[in-house]
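Worksheet: the structure to be examined is printed underneath.
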Amino acid sequence: MGNTKSGALSKELLEDLKLNTKYSEAELCAWYQSFLKECPSGRISKEQFEGIYASFFPDADPTAYARHVFRSFDTNSDGTLDFKEYIVALHLTSSGKTVQKLEWAFALYDVDGNGTISKNEIQEIVRSIFNMISCEDQKNLPEDENTPEKRADKIWEFFGKDDNDKIAEGEFIQGVMNNKEILRLIQFDEPQKVKDKLKEKKQ
């Protein structure tokens, strides 16, 4: 991945990130210095990533969700995120194009990485999202989606699936793009809070 441990970003990686994200050269270089300060090895471990999420949600338990988010961005499955994976993650969750975001959402829900999503996988991710919603906020949820099971059922029904069916990536992306209600149901309701804090942490 270029000069991950040196004080400067490699030209190749810099050009790659400028091309694939909305960030400027100055922003990327500044973030890289902060990244190295916090992660001298040039990599963030799953535990460190979970720790970042935990600091955002003192009243809830984001561990399971953070673990799934980490998995979806650890593209080479080595148990760490390098600077490129980290920046791509930031970009995708904050300002990526809709299709890119939905490709990421599919990877998030495809827990076993087999290229399709099952109802059990929907339930697993939705349960991890619920762990991040405080008990107080859960009381304000609509009656038909105030438990992980109800919300997962609602998502599954939108796709018109039987319990043992699977959803492929193209079908998932098309379904969500055609229905804003599914988009609301599949994501955590406060992503901006996380994004803003991540940005503050890296400035």
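Backbone N, Cα and C define each Cβ position, glycine as well.
As a whole-number mean, the pLDDT of the domain 'EF-hand' (61-96) in this prediction is 85. Residues or ranges marked as domain 'EF-hand' in TrEMBL: 61-96 (among others).
Within the chain, the domain 'EF-hand' (97-132) has long-range Cβ neighbours (under 8 A, six or more residues past its boundaries) at 57, 60-65, 67-69, 71-73, 138, 147-149, 151-152, 155-156, 161, 163-169, 172-173, 176-177, 186-188, 190. The domain 'EF-hand' feature in TrEMBL is assigned to 97-132 (among others).
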